[in-house]
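Chemist: My questions will all concern the structure given below.
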Amino acid sequence: MRHHGRMHARESDVAGGPARDSAGGPARDSAGGPARDSAGDDSPSAHRHRRVTSFRSRRSALSGGQQDTWERLWPELGTEARDDDGRPAALIDTAAWFGRTAPLVLEIGSGTGTSTLAMAQDEPDIDVIAVEVYRRGLAQLLTGIDRAGVRNIRMIRGDGVDVLEYMVASGSLTGVRVFFPDPWPKARHHKRRLLQPSTVALIADRLRPGGILHAATDHAGYAEQIAAVGDAEPLLRRVDLTDDLPISVRRPVTKYERKALAGPDVAELLWEKVP
């Protein structure tokens, strides 16, 4: 098996960091998904069985300030992956949503948005869609966007697989980021891991030629699985952190991650879609 890649993250002074159950850092979190276990698809096959999801259900209330920011900014900057009846959203017109045409990055499982915000600020010419299941994490990102005046981030609340399947066009993405998805360490739960062959194949289809899949995990077993699945996908080929890439792969190190650096190494895994 190829070398997985050691951590190449830059230090960040972004306040805070993801909670232990956020995907924005080594906190073991959702990879993005709706607050339900069912995929909610309209197709007959979807009604016959529930799709296994990669997130853990939980509820969290917003603070008064977060609620005010949510009500003010979410209608413009956010949307849902599914409607109240469970129907998937339509394909996104990203040019209309962002008000411009620019390279597009999808981050699945943005957590509290620490990495999302910092990387978007570093790349103002790239548009970023952050996908997260937890409303509180999205509200924290909205607050950061509001304070920093960032204009190149949009958000989707829901399942990252739904977003890939229904809302993103084939060949439209310059990059996909999956940072610290829930490793589901117990063997009987491995089927819940986000980066399965079917999901990686879907990501590869949505990437444009030369587009980048960037995954990071501090769970050794999950790193091995991600490496094997990515290397087995015929539309992807491994690239190095030092290569000339169309998007930045320098993610910020959150305060939580700095505390965790004495523990397991972080594996950074990158693939490029073949021409």
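Keep in mind that glycine also has a Cβ here, set from the backbone N, Cα and C atoms.
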Chemist: Return the residue out of Glu123, Glu132 that Swiss-Prot annotates for the same S-adenosyl-L-methionine site as Glu107, Asp159, Asp182.
Modeler: Glu132
Chemist: What whole-number Å value do you get for the CA-CA distance of Glu132 (S-adenosyl-L-methionine binding site) and Lys186 (substrate binding site)?
Modeler: 23
Chemist: Work through the recorded positions one by one (Asp182, Lys186, Asp218) and name whichever has its CA nearest to the CA of Glu107 (S-adenosyl-L-methionine binding site).
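Modeler: Result: the closest of the recorded positions to Glu107 (S-adenosyl-L-methionine binding site) is Asp182.
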Chemist: Return the residue, from the listed recorded positions Asp159, Asp182, with the maximum count of other C-beta atoms within 10 angstroms of its C-beta.
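Modeler: Top count of Cβ atoms within 10 Å goes to Asp159.
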